[in-house]
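Chemist: There's a structure below that I have some questions on.
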Amino acid sequence: MERGSPGAGAARLPRDQDSVEAWLDDHRDFTFSYFVKKATREMVNAWFAERVHTIPVCKEGIRGHAESCSCSSQQSSRADSSAPGTPTRKISASEFDRPLRPIVVKDSEGTVSFLADSEKKEQMPLTPPRFDNDEGDQCSRLLELVKDISSHLDVTALCHKIFLHIHGLISADRYSLFLVCEDSSNDKFLISRLFDVAEGSTLEEASNNCIRLEWNKGIVGHVAALGEPLNIKDAYEDPRFNAEVDQITGYKTQSILCMPIKNHREEVVGVAQAINKKSGNGGTFTEKDEKDFAAYLAFCGIVLHNAQLYETSLLENKRNQVLLDLASLIFEEQQSLEVILKKIAATIISFMQVQKCTIFIVDEDCSDSFSSVFHMECEELEKLPDTLTRERDANRINYMYAQYVKNTMEPLNIPDVSKDKRFPWTNENTGNVNQQCIRSLLCTPIKNGKKNKVIGVCQLVNKMEENTGKVKPFNRNDEQFLEAFVIFCGLGIQNTQMYEAVERAMAKQMVTLEVLSYHASAAEEETKELQSLAAAVVPSAQTLKITDFSFSDFELSDLETALCTIRMFTDLNLVQNFQMKHEVLCRWILSVKKNYRKNVAYHNWRHAFNTAQCMFAALKAGKIQNKLTDLEILALLIAALSHDLDHRGVNNSYIQRSEHPLAQLYCHSIMEHHHFDQCLMILNSPGNQILSGLSIEEYKTTLKIIKQAILATDLALYIKRRGEFFELIRKNQFNLEDPHQKELFLAMLMTACDLSAITKPWPIQQRIAELVATEFFDQGDRERKELNIEPADLMNREKKNKIPSMQVGFIDAICLQLYEALTHVSEDCFPLLDGCRKNRQKWQALAEQQEKTLINGESSQAKRN
């Protein structure tokens, strides 16, 4: 193979590389010098990357780790060649297994917060730099510097040490470091992080002096703007040099070496400056000085980049913690607008280091003015007065900027109010103390959720330097953070205003309920009349025939039905056992009667009274009384009388389809829940509290049974639960000692009494069926007229001829099996079953007769045709 061929060179290449590497190891001085002169930023970054190791975690131990390593290439190749698989998760769940700071912490007072205290971590001390000029030791110094960079994130301290290292190479008299910053208008400027670092100077001395330089002005500004280094032999001969600093410090600047510091995107993030070469070359910086300076500044760029990332992460973490605290605050405090805004203002002042915070609330009735103003100053943080806005402080609040922001709906950031010419009041020498004390100002509108309406304005005055206490302008970060703050302000204001509106609505509701309960209660004259009759004489149950299952109320007046009800309470020993006052009982009975609507054909007071009479007959004549407790008997009788209170003559289906407000209150058994609520309202109305003699536990138990009994009258619930009851009866496993079976039995008993009209003697049953049909047909007419739907046959007036067959179907599907089961529990309830069967026969006969009539009519019509 020929000498010049690629193959020959490649064959000898490994041996040459080894020789070169060995020679470089033996000549460290040359290696370091070559690296400093020739190394690029990419080489330095690659050098760092090579030394960043990821340590695999293997639960199977060393063996498992070895196995995983040995087969990793096979797995990766299979993964690459396979079909689309499960997407790789960016964050593994195991990442959260590492020890992290708790999300929620407690402060010294035990208050729960998302805002953690600043963590004080012990850091390794910086290695003191060595200033010997031995080039053979420069590599060691460089490695020491790299070690410090990898373990520290303090920009000032690291750059101070870098300058001291540089001093050993280029021997300048002074060094300075300037960082690039932006103001609220995104205009760049330079701030000194280190100024006049000299041999023997301390970090504190170099970092105390803070100087601001304009962009593209002066030597430093020019280097920052162009991104190119400058090596000036005589500063006073350069027109870009600003001699004011020398005049202030009394220092004579001669030669300057100024270089930009760039990040990985080649953006200028800072400028380093060396002043006055101390020895050699006539006091001017050489080309070697430039290369050495540039090499070390590459490390400055790395330091700045890492530190900026770290500071950004800390700032974002702090911001998130504060915003989480604000979110927590909003959910904790919703009752008082003043309290929540006081806490929000305190958070803003302490976090953003401002002198004053004022929150203006827009007047809803007059959008050109503010309804309330909440003002706080930094001196008040420790006091946190109960009242933020005081009359004596009115002259310390400036409303004009807030009014401007409210009208424009845009943020306002004024770096120096005295120099701003946009507002006429800033140019007038009014002598206003408030105007004179404002230097920098940041004002942001607080908008509602729809972002199209300003509900308030947040105004911050005078941002303070953390160390010096001097006023400085608000920057873009402040604007962004305040924008986030006012979102939470808006949420807090809206939530609190909604809470206050709900409280006002509840107060109005209480007044309305008070008025309704007054009008819902029976009149005093009617109560006294019934009380007088009851005191004179109340006929016996036998005389009134209220123990008969065949009882009819058609011949009784409303007053007589009330007397019958009093007799029921008396004969069931409820008046005596629960210390009911006769006046209260009379008023309650008449109030219940009053709250049934008279324009409803069937579900009115008479139906409720008949349900209660059937319950009384079942308890007495049906011998069920001895199976129940006194509280259960009391609850059942109250429920029977109240189970259809305020019935509107329509069923639950109509309420839902018509989108009645009642449908929004309950998800099921709409009318039954409403009946119970009405029952509860009457029981709690003054003068109607027949349960006042009960203990707290007895009262709770009674209300629970009443509610269950009233809800049980919903036929949908009855159909859902009856199977279990019938199965227990069929298997002869029914046991009233079991609480669940007892509750089930009370529900079935309530339904049996509610449907008891189907068991009455035929003349009574026919008359009641007509009332039911009238009510159902009225609902059908409303469905056709209001909802534009065709009603079901049961509600359809045009299907009136189907009433007999529908009654037979109703008895077979709903009633018959219920009364059969009830008779198994108590044989004395057989009259209910017997009456139901007899009425079925009557309805069946009518249905057959109507069917024959219909068939005959169709035959006659066919013959005529």
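Glycine residues also receive a Cβ, built from the backbone N, Cα and C atoms like all the rest.
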Chemist: Have a look through His519, His582, His607, His824 and flag the one Swiss-Prot assigns to the Zn(2+) site that His643, Asp644, Asp754 belong to.
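Modeler: My reading of Swiss-Prot gives His607 as the candidate in that site.
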Chemist: From the ranges 69-92, 117-140, pick the one that Swiss-Prot records as region 'Disordered'.
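Modeler: My reading of Swiss-Prot: the region 'Disordered' range is 69-92.
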Chemist: Including all protein chains shown, what's the count of other C-beta atoms within 10 A of the C-beta of His603 (active site, proton donor)?
Modeler: 24
Chemist: Between His643 (Zn(2+) binding site) and His603 (active site, proton donor), how many Å separate their Cα atoms?
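Modeler: Between the alpha carbons of His643 (Zn(2+) binding site) and His603 (active site, proton donor) there are 10 Å.
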Chemist: What is the set of residues, excluding His607, His643, Asp644, Asp754, whose C-beta falls within 8 angstroms of the centroid of the C-beta atoms at the Zn(2+) site?
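Modeler: Counting only non-site residues, the set is His603, Ala608, Thr611, Ala640, His647, Thr713.
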Chemist: Just checking, which of His607, His643 (binding-site residues) has the fewest C-beta atoms within 10 Å of its C-beta?
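Modeler: Across His607, His643, these binding-site residues, the one with fewest Cβ atoms within 10 Å is His607.
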Chemist: Does Asp644 (Zn(2+) binding site) have same-chain partners at least 6 apart in sequence with Cβ under 8 Å from its own Cβ, and which are they?
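Modeler: In sequence order, Tyr596, His603, Asn604, His607, Ala608, His675, Thr713 meet the Cβ cut-off.
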Chemist: Just the number: how many Å between the Cα atoms of Asp754 (Zn(2+) binding site) and Gln807 (3',5'-cyclic GMP binding site)?
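Modeler: Between the Cα atoms of Asp754 (Zn(2+) binding site) and Gln807 (3',5'-cyclic GMP binding site), the distance comes to 16 Å.
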Chemist: Quick check: in three-state DSSP terms, what is His643 (Zn(2+) binding site)?
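Modeler: Its secondary structure by DSSP: coil.
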